Amino acid sequence: MEMGSRTEVDEDGDNNKGRMWDLDQQFDGSIEEEAGRLKNMYTEKQTSPLLLLRLAFQSLGVVYGDLGTSPLYVFYNTFPEEIVDPEDVIGALSLIIYSLTLIPLLKYVFVVCKANDNGQGGTFALYSLLCRHANVKIIPNQHRTDEELTTYSCSTLIHEKSFAAKTKRWLEKDTYRKNALLILVLFGTCNVIGDGILTPAISVLSASGGLKVAHPRMSNGVILVVAVVILVGLFSMQHYGTDKVSWLFAPIVLLWFITTGGIGAYNIWKYGSSVLKAFSPVYIFRYFKRRRKDGWTSLGGIMLSITGTEALFADLAHFSVSAVQLAFTVVVFPCLLLAYSGQAAYLFNKGDHVIDPFYRSIPDCIYWPVFVIATLAAIVASQAAISATYSIVKQALAHGCFPRVKVVHTSKNFLGQIYVPDINWILMVLCIFVTAGFKNQSQIANAYGTAVVLVMLVTTVLMTLIMILVWRSHWIIVILFTGLSLVVECTYFSAVLFKMDQGGWVPLVIAAAFLLIMYVWHYGTVKRYEFEMHGKVSMAWILGLGPSLGLVRVPGTGLVYTELASGVPHMFSHFITNLPAIHSVLVFVCVKYLPVYTVPEEERFVVKRVGPKNFHMFRCIARYGYKDLHKKDDDFEKKLFDNLFLFVRLESMMEGCSDSEEYSWSEPPSEHSRDGNEGGNTMVSSSVNSTVVSYMNMGQISRSQTEMDELEFLNRCRDAGVVHILGNTMVR
């Protein structure tokens, strides 16, 4: 058991007793109008055209670097040997064109990105949406009042006999199904982390390979050293934050897309435009008919053209959906089509140059400037996967699925832009090991392709559930989306299986290691919560001790931290039986993460009274979303006390509404809000408290002497010192 104490005196201590709500304020409108205004404020992102252009520009540097550098290595990994039939190039180009159209453009940019959780992307964002629309969360620490948050955005109306209702009941019926869904999400998350390791390795190594094209006698060892130095520099820059990094990287990527698109257009003009007939899907059929098994296994190389798409969705937290869509449709997609078509035109005439065709197709006069741009773009490509890893680890932390690591918010304007130091250095070490261990971009590419296709398959399964439970889409649309996605992705997956022994096993090992860590951590979190729930102290025992709790009540305030959102924790009985004295005011503080991206500040705290008034015991639940940053600092303490004082004032106003011994400030009155240890609740919505005051014409109600006395008592106890009491539950 640990006890940490800290005494803080508010700078405005002399004004504490005078900090009373101005009851003479008058507001217009009804409770419903105020709630609707707040709901619109948090569920609808309004962005000006200038801000949209700015975010679209920045998204190039963070989101699209990975997808944009694929032309460096796609054709090399598709045709590991010399091209015999030039028609094979047209077939491969046709596969690339339709892969880019179906997966990044149609599936991700215009469908999956719309399934964001208020701007948050990634597998855990989809899981959070499902948790709000179906009872699939394993830790049962949610309360119905959580659903009344303005950011919860959960539609409750569902027809009992609809397919959505049947699917919901099927998921909720069995704990094993909930566990299976969680494991699926964790598996997808682990593959995104693996992507964060493999992307920098293949991108930087491929770009560095341009040195050998210019200097054929250069050894592979030199290329490897150059790649490792670049990787160390890249990971060392991460602490500056996505905002600064994206402003540095965005111009590079924009220049890269313009350069590759321009070189592609030049090669089409120089070597012939006959490759443009690849836009006809007929050449895909001819390609497989001609190459048979070799054509099928070559899909492992073709699939590299859509790598980075999964990072696109995971990086959504850093930018808005419309910005990501604008950047892709206006810049990324057209330039990629030109780049691949230009390389195909070059290879159609020079099939023996299949090794590093990108560098060989560059005009000699601009070779070195393009090499510098390509190297810088490869560095940027790694940023997309690294940023995606940070976002997804932060979401996993909030769901209790990852060991506690330090999360640094690097931007005051965009809370989604974060840096995780521990993960950063782990990624760097593993990335260097992969680069130095393989020394061959073709084996890294096989590993990379496996990780990417597995994430896509997980996203497809989760999106199917989203379309059924959240969007309530027609079953025909669900079947079309799921069927088309699975056909394409399973085809690619079958191709990478052929290369499992050539590097494809690496992401599976990485995913298995992280999956074991994450699932064991979540399992321990659930068991710890269940232990504390079963060990709750009965309210009858507390009442039997009397107002003094059988101890000396000394001046001061004790903040007792607990995992429980209801009931008195077991460790409190340990305090009572082992300590000679306890503070005059006790507040049980529960920090709880909800399956929402953020909880507005005015709805953050839920305050309740525990026991009769003369016990001076309260419960304060601090609610956070997975995007929010929680710090036990002076600001947190100040807001906690402000909400405690406001609760006492509101309780005094509503004393005539209920005779119960526990009150709550955060939710509407209910007869059904009960737990095993505490009584019913009289509640007031925090998000509409201003309207409540107007509604009750509070300007004409005077404060009772009891309220004044209790507020003065709470202020004195706060000024006497605040002690933070932490109890540790060990899981063995």
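Every residue, even glycine, has its Cβ placed from backbone N, Cα and C.
Note that TrEMBL annotation is computational and uncurated.
Look at TrEMBL and you will find 55-542 tagged as domain 'K+ potassium transporter integral membrane'.
According to TrEMBL, the domain 'K+ potassium transporter C-terminal' annotation covers 555-637. A mean pLDDT of 86 is what the model gives for the domain 'K+ potassium transporter C-terminal' (555-637).
Positions annotated as region 'Disordered' by TrEMBL: 1-20 (among others).
Residues or ranges marked as region 'Disordered' by TrEMBL: 660-683 (among others).
Annotated transmembrane segment per TrEMBL: 51-69 (among others), in sequence order. For the transmembrane segment (51-69), same-chain residues at least 6 beyond its ends with a Cβ under 8 Å from one of its own Cβ atoms are 104, 199, 203, 206-207, 242-243, 245-254, 256-257, 260, 306-309, 311-312, 315-316, 318-320, 322-324, 326-328, 330-332, 335-336, 374, 377-378, 380-385, 387.
Positions annotated as transmembrane segment by TrEMBL: 89-110 (among others).
Residues annotated as transmembrane segment in TrEMBL: 179-198 (among others).
Under the heading transmembrane segment, TrEMBL lists 218-235 (among others). If one looks beyond the transmembrane segment (218-235) by at least 6 residues along the same chain, the residues whose Cβ comes under 8 Å of a Cβ in the stretch are 200-201, 204-205, 208-209, 211-212, 375, 378-379, 382-383, 386, 424-425, 427-428, 431-432, 435-436, 439.
The list of residues near the transmembrane segment (247-269) in space but at least 6 beyond its ends in sequence, with Cβ under 8 angstroms from a Cβ of it, reads 57-62, 64-65, 68-69, 71, 275-276, 331-332, 334-343, 345-346, 361-363, 370, 373-374, 376-377, 379-380, 383. The feature transmembrane segment is assigned by TrEMBL to 247-269 (among others).
TrEMBL lists 295-314 (among others) with the feature transmembrane segment. Under 8 Å from some Cβ of the transmembrane segment (295-314) lie the Cβ atoms of residues 63-71, 73-80, 91-92, 95-96, 99-100, 103-104, 108-109, 112-113, 121-123, 192, 195, 199, 287-288, 324, 328, 336, 340, 381, 384-385, 387-389, 391-392, 445-446, 448-449, 452-453, 455-456, 459, 491-492, 494-496, 498-499, all in the same chain and six or more residues away from its ends.
According to TrEMBL, the transmembrane segment annotation covers 326-346 (among others).
Taken from TrEMBL, the feature transmembrane segment applies to 414-436 (among others).
Marked as transmembrane segment by TrEMBL: 448-470 (among others).
If you look up TrEMBL, you'll see 477-498 (among others) marked as transmembrane segment.
Positions annotated as transmembrane segment by TrEMBL: 541-561 (among others).
Tertiary neighbourhood of the transmembrane segment (581-599): same-chain residues 42, 117-120, 125, 127-129, 131-132, 137, 141-142, 146, 149, 151-152, 317, 398-400, 415, 549, 551-565, 568-569, 572, 575, 610, 616-628, 630, 640, 644, 713-714, 717-718, 720, 723, selected by CB-CB distance under 8 Å and a gap of 6+ residues from either end. TrEMBL lists 581-599 (among others) with the feature transmembrane segment.
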Any residues 6+ beyond the ends of the transmembrane segment (326-346) with a Cβ under 8 Å from its own? 52-53, 56-57, 59-60, 63-64, 67-68, 70-71, 74-75, 89-90, 92-93, 96-97, 100, 104-105, 109, 254, 257-258, 260-268, 270-276, 278, 305, 312, 353, 357-358, 360-361
For the transmembrane segment (414-436), the distant same-chain contacts (Cβ-Cβ under 8 Å, at least six residues beyond its ends) come to 119-120, 193, 196-198, 200-201, 204-205, 224, 227-228, 231-232, 235, 238-239, 241-243, 317-319, 386, 389-391, 393-394, 405-408, 444, 447, 506, 510, 598, 627-629
Could you tell me how many residues in the domain 'K+ potassium transporter C-terminal' (555-637) are helical, how many are strand and how many are coil under DSSP? 19 helix, 34 strand, 30 coil
